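Copied over from TrEMBL, here are the features:
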- A:6-79: domain 'Glycine transporter' (DOMAIN)
- A:92-164: domain 'Glycine transporter' (DOMAIN)
- A:6-23: transmembrane segment (TRANSMEM)
- A:30-51: transmembrane segment (TRANSMEM)
- A:63-83: transmembrane segment (TRANSMEM)
- A:90-106: transmembrane segment (TRANSMEM)
- A:149-167: transmembrane segment (TRANSMEM)
- A:173-189: transmembrane segment (TRANSMEM)
Amino acid sequence: MDLQYALELVGTIVFAISGVLAVREREHDMFGAGFTGFITAIGGGTLRDILLDSYPLVWIGDVKFLYAILVGILAAFIFPNFLSRLRKTFFLFDTLGIAFFTVLGVEKALHLGVRPEIAAIMGMFSAVMGGVIRDTLTNEIPILFRKEIYASACLSGAIFYLVLNYFEVPRDINLLVSVALIIAIRLIAMRFKLSLPRLD
Amino acid sequence: MDLQYALELVGTIVFAISGVLAVREREHDMFGAGFTGFITAIGGGTLRDILLDSYPLVWIGDVKFLYAILVGILAAFIFPNFLSRLRKTFFLFDTLGIAFFTVLGVEKALHLGVRPEIAAIMGMFSAVMGGVIRDTLTNEIPILFRKEIYASACLSGAIFYLVLNYFEVPRDINLLVSVALIIAIRLIAMRFKLSLPRLD
Amino acid sequence: MDLQYALELVGTIVFAISGVLAVREREHDMFGAGFTGFITAIGGGTLRDILLDSYPLVWIGDVKFLYAILVGILAAFIFPNFLSRLRKTFFLFDTLGIAFFTVLGVEKALHLGVRPEIAAIMGMFSAVMGGVIRDTLTNEIPILFRKEIYASACLSGAIFYLVLNYFEVPRDINLLVSVALIIAIRLIAMRFKLSLPRLD
């Protein structure tokens, strides 16, 4: 429980850092960059909770998430070069982050009583919609439509979790296995430059 | 009642198909295209229900809508050429869809107890905001700002419905007449290339 | 109380006018321009209230705001040249508007029982997110990311209000001083072309 909470805060910091660094090459001032970090960190969970009518929103009910975001933004301000050089490390962290938030999003949705089909979508939303909102605000083509295997890895992991959950696999094992599956799909897709077919 | 429900599901399928086909020429992979279909189909009603605090959202409370969307996405994946050649037919379906969803949106808003002015806006939102959100996410100028007579046809029909409703015209007749008006405005505008004046 | 309500309505009119005029040079028809005015006027407060689960939304619960928006849109339609020539006056009005809405947004959030950190963000959101949503829909880089000192002036004023509030400065004085601070920051920044440092 405590470990999970700590991981959520760390994941929030990572999302905020990646949001700030995503606009680094662009003409944003520091305020705009910080705002981008904020939106990236809260966007997915906020959308999920609004869709599910789950209030208060996580970052509004628990101010520690706001401070986690501030830590991430400040870190990106103070050590931008250092953190950018960590790109590979960061890719791993980001992958860990979306994997973890996907499964937590699925669990939260199930807990709120929705059907598994909806829970799968909510899990994916939790993980990727922060980045989508960020990209939309900054006039980029959202990552969802660019990256080879990104949201689809999350959706696969979410469905996998729901299947294991249906067969009553213990929660801790299921969490671990599903997170690992998302990470594996994304890393393998990246390594071998796999992508989904285009529509034509 | 049953007929209306069936029409809502069919309308949802049509919106999902049109969402997928809208990004066909672009660089999206199948996942991105499917996601676009999903957003197009749920966007308008979801925004309306969030603004009116009406929960659960339609597609979250009734999973049949989710399956209707899946049917639409799969149809667009499997028969893209066939469906694209049906463009004229599709234009008719889409026009029927926005007309129908406008009036249903007005009715839902009235049912939730808001004033007619608000209900008119909610009717228009139900019909067009799915496309607006889709266009915003995919970095297009939203249809609302491009198309000659589109959202304004919906708004006109919504206001017309509310006027007839005020004079206690029976609901079935009102529904039929208002839907017909929206369709007529759009078809006539299209046929004669009518457009609203620009601002200058 | 009555004065405040009148100011809110005037602020809404100003926001609607500025929304319409913002797309004047572009290819929008009158409906699109009016829609842009509408979104600009309601966007910030609507987002704040959805995030805080405060229903009914202001413009849905009190139809006078809708009519204020209509007045603004019609004024911009009828006197576009006159209003555009007033650009400097307008800049003052807009600055007054965002300053005022920031502080009212902070107060509303506090009233709903959230922590001051959250209230500061909600104040800024009330003032600037209407413009951000407008810019996103019309495919502009949002003002937040372009303008030298804009949202950051609002955030500073919001925090200032919260500090004075903590020291129990009477509300009327606090309102006045905090609004004045936001205006001062923005005018000084504009006059001397001050801007926040970029991230690098």
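The backbone N, Cα and C atoms fix where each Cβ goes, and this holds for glycine too.
All annotation found in TrEMBL is predicted automatically rather than curated by experts.
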Please count the residues of the domain 'Glycine transporter' (A:6-79) that DSSP assigns to helix (H, G, I), strand (E, B) and coil.
58 helix, 1 strand, 15 coil
Under 8 angstroms for C-beta pairs, at least 3 of them, ignoring pairs fewer than 6 apart in sequence. Is the transmembrane segment (A:173-189) in contact with the transmembrane segment (A:90-106) by that rule?
yes
The domain 'Glycine transporter' (A:92-164), counted residue by residue under DSSP: helix, strand, coil:
60 helix, 0 strand, 13 coil
Over the domain 'Glycine transporter' (A:6-79), what is the model's average pLDDT?
91
